[in-house]
Amino acid sequence: MNNTMTIQKTGKQIFVFLLCLFLLIFCLTRGKDVGQIVEIAASASFPSIVLGLLMAGTFHVAEGLNLKILLRAMGHSVSFVQGMKYAYTGFFFSSITPSSTGGQPMQLYMMKKDNIELSHGSLALLMELAAFQSVVFLFEILAAILVPSMGIEMPLAVKVLAAAGLFMNAVFVLFLLTVIFSQKMGKKLSGLAGRLIPKLPFVKEEKKQEWIVKTEAGFEEFHACAHMMKRHKKVIVKMLLISTIQIVCWFGVPYMVYLALGYHGVAFLHLFALQVLVYMTGALLPLPGAMGVSEFAFIHLFGSIYSGNSMTAAVLLSRGISFYFLLAWSGLMLMLIYAVKKRR
């Protein structure tokens, strides 16, 4: 991987991201009293905000721990610092690229530089993703059950996005689990892909062959994942527990913002369910960090909690902590890692 080209490409992606962020803030604050919004945000309880930041930071720590645990189970002496490096890399590059396509290739690149085989790195990332999405899916089902009893009103657009997110995640989790645990089904799907790819129009022959090879390699990884799970059941249980803590803390950030702004009376579970719905609306859309869609969903779903300038302050703080802070922090940590490595 050419470092100069990678830095230039990353620079362009960051520039586009910052431009989109500027436009988003402009749209959120247009026609509002910006001074009052800043005043409301600045008056937020400092201890609650700090706790919210720590809860958000759990996201990186949990992924770093899971990757360390998985890679160690595969025989690699990975440290906690290395696990955190992979977690920061994944979050940063996933967040600034459409459809989160940039994260895993960069994580594999970092792992390869640490002498971890690509097959082991791919398997660890697949298992970490499967654990995360499976736990998220369970919380999505819980939120879907709680919505009617909580009297949460959603506009049609949000309902459609949330339903689509739930459906797509269900398909994704079902596909992962089926292919991982059913070798017969995996072979059938691999064979089907091998027959369909050559028939694709407007695709060069070399590209088709490349896709076929990648598909076959992907299904082999799924089966390796199944064998790994059977051999290391305690590792899988530990990983699922860590993923659960990760998601509860991450989705719990809006509750800390709620308390920080001086509000009381709404239970943690209610705001947690609302945040799960926010995640559902934009999790699978091809937008960096679901930017724009998540803010749109937040404003409509939290409409019974906040209003006016307080709503704008709440969405800026909630998204600022749970996404933009994590992105900035991961970027800062990667710069620090790069600087330390360059000195050596």
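Glycine is no exception: its Cβ is also placed from the backbone N, Cα and C atoms.
Pulled from TrEMBL, these are the features on record:
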{"type": "TRANSMEM", "residues": "41-62", "note": "transmembrane segment"}
{"type": "TRANSMEM", "residues": "123-148", "note": "transmembrane segment"}
{"type": "TRANSMEM", "residues": "160-181", "note": "transmembrane segment"}
{"type": "TRANSMEM", "residues": "239-261", "note": "transmembrane segment"}
{"type": "TRANSMEM", "residues": "267-285", "note": "transmembrane segment"}
{"type": "TRANSMEM", "residues": "297-317", "note": "transmembrane segment"}
{"type": "TRANSMEM", "residues": "323-340", "note": "transmembrane segment"}
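Of the candidate ranges 41-62, 123-148, 239-261, 267-285, 41-62 contributes the most Cβ pairs within a distance under 8 Å of the transmembrane segment (323-340). Most Cβ pairs within less than 8 Å of the transmembrane segment (123-148), among stretches 41-62, 160-181, 239-261, 267-285, belong to 160-181. Residues of the same chain lying 6 or more positions beyond the ends of the transmembrane segment (239-261) and with a Cβ under 8 Å from any Cβ of it are 40, 43-45, 48-49, 51-52, 55-56, 58-59, 61-63, 65-66, 69-70, 127-128, 131-132, 134-136, 139, 268, 271-272, 274-276, 279, 298, 302, 305-306, 310, 313-314, 317-318, 321-322. Beyond the ends of the transmembrane segment (267-285), by six or more residues, the same chain brings 136, 139-140, 142-143, 146-147, 150, 152, 154, 158, 161-162, 164-166, 168-169, 172, 248, 251-255, 258, 293-294, 296-298, 301-302, 305, 318 to within a C-beta distance below 8 angstroms of the stretch.
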